[in-house]
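> Here's the feature list from TrEMBL:
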TRANSMEM  A:21-44  transmembrane segment
TRANSMEM  A:50-71  transmembrane segment
TRANSMEM  A:123-143  transmembrane segment
DOMAIN    A:283-373  domain 'Histidine kinase/HSP90-like ATPase'
Amino acid sequence: MSVRLRRMSVSRDPPAALARVLGYALLSLPMAATGLVYVLVLLMSALGTALVIGAPLLAVGLLGARGLAAVERRLARVLLRMEVAAPPPFRPRPGLMGWLGSALGDAAAWRAVVYLLARPPAAILACVAPLLLVPRAVGAALVPERLLVRALLGQTATSARIRELEASRAQAVDDSAAVLRRIERDLHDGTQARLVAMAMSLSMAKEELADAGRGERLDRTRELVDVAHRNAKQALAELRDLVTGIHPSALDQGLEPALATLAAGSALPVDLDVDLPGRPSPAVETIAYFCAAELLTNATRHSGARRAAIELRTRGRRLRLRVRDDGAGGAAMSLGTGLRGLADRVRVVDGTLEIDSPPGGPTVVSVDLPAHT
Amino acid sequence: MRIVIAEDAAVIRDGLSLLLTSRGHEVAAAVGDAESLYAAVAAHGPDVAVVDIRMPPTHTDEGLRAAIRLRRDHPGLGVLVFSQHIETRYAAQLLAGGSEGVGYLLKDRVSEVSEFVAALTRIAAGATVLDPEVVTQIMGASRRGADLGALTGREREVLALMAEGRSNTAIASALFLSYGSVEKHVTQIFAKLGLPPSPEDHRRVLAVLRHLDS
């Protein structure tokens, strides 16, 4: 009945109905636009507020999680005697957005969050342990906790590696700066001084010669020229040593010939035993040579040894250099024998240095290096 | 002349001693660091001290500081300071305590022995001696470029030699001019730079350098 009524109203008054319907049609687009804008603004403000408040909140929370992780590590160290290295410290990028981004992307913080989520089951087990009152059971009950701490609160292999690389690179840079300073000093104090003295003698000799003709002056001149000549020879020898200190030419032939020269020129008798099928990288050759040279010098100067031995072996992709002397022993990293410096240098190419030097001797220093950098 | 030498490189120390004694001077002491220098000057009362700037323990400017202190404590003492490299600020510091009987030379100058001995003699007599390299650097770095630009080429040459501490006679022979011409140039220079004429050579070095540095 209502349907019929409607049809009747339309058919009885077409112009008014059409106007109404048209009105609606015309309004519909602006209304739709308004409606769309409204919804978008609503959604965006909701989202925006969430982000503007939520993101910083999350960031601060993540840093808090790191703090909690530090506390857990401390507890583990003190009570469980577990040494877990702390992950790299939080280093935010500059600026507000940088800080936010760094915090939200901090791997150590997220791993701490995972730890906090995963811990409760392990904690329940750990709580049960005291009730058992059996030490073995307590230990076993704590195993999940220990695993979690070690897996999630420590350094990842990558970050540990990066730390190590940063340290050894800084060392290498310092090292080269120190070497350059030393070279400058040696050149200034030694070679330059000698050349100035030489110039003085020659100047004096020239003046004497200007008055030549008088016999007794020629003796003076001869003396002066002799002094100048000796200074020149000495300067050349010093310069040669200095340059050898930078790179010995013997190394161009290879590590084995260079070590042979080193052994031959040593004050101590040296037994040389080299097994080197191929040539290592130049950097490794240089470091191995200088280690051998320095260790031999130590043996000669500090140990009171009568004989020394240098052994070089290849083991797969690594070289092992051993310098042995039959002296008094007692060599250590801390004393001023330059062993610390050698160890640092060796570390730069991922090598190691070990000292076996009981008091009374003999001393064996082992240097382990990769054959190729 | 009685001389005390302070130089840490033994080779140069010995060479200087040899040189000075062969010219008939007395080398009262030859030491290798500042402390020994003070002791030697106090003990022997020399006419002039020859001091290397770089000495132990730090090998930076021990000699310079020693020279300044010696000039304060021993007014009549002439001091010649020498170094491997030119540092114009060392010259300034040295001259700050007055310009009479003070000198600053490059070690290289020592290789012209007669010139070196002559410079030492002039210092002992109260003159100022500055290495030409120092003067070149000071003049080059001077902000008084406009003033210097007002001088003729010849006047600039005379100015440089004046700044080295040379007397009019020495300038005349160096530039192959007559004494009278040099005097005229000097008067012109002082007029153009707006400086009052200075009676003594060492004072005018100071005047010139102060002007160039201002």
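Each Cβ is built from the backbone N, Cα and C atoms, and glycine gets one as well.
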> Under an 8 Å Cβ to Cβ limit, what residues of the same chain, 6 or more beyond the ends of the transmembrane segment (A:50-71), are close to it?
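Counting only partners 6 or more residues beyond its ends, the transmembrane segment (A:50-71) has Cβ contacts under 8 Å with 86, 90, 99-100, 103-104, 106, 108-113, 115-116, 152-153.
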> Please work out the mean pLDDT for the residues of the domain 'Histidine kinase/HSP90-like ATPase' (A:283-373).
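On average, pLDDT over the domain 'Histidine kinase/HSP90-like ATPase' (A:283-373) sits at 87.
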> Residue counts in helix (H, G, I), strand (E, B) and coil for the domain 'Histidine kinase/HSP90-like ATPase' (A:283-373), per DSSP?
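Across the domain 'Histidine kinase/HSP90-like ATPase' (A:283-373), the residues distribute as 30 helix, 29 strand, 32 coil.
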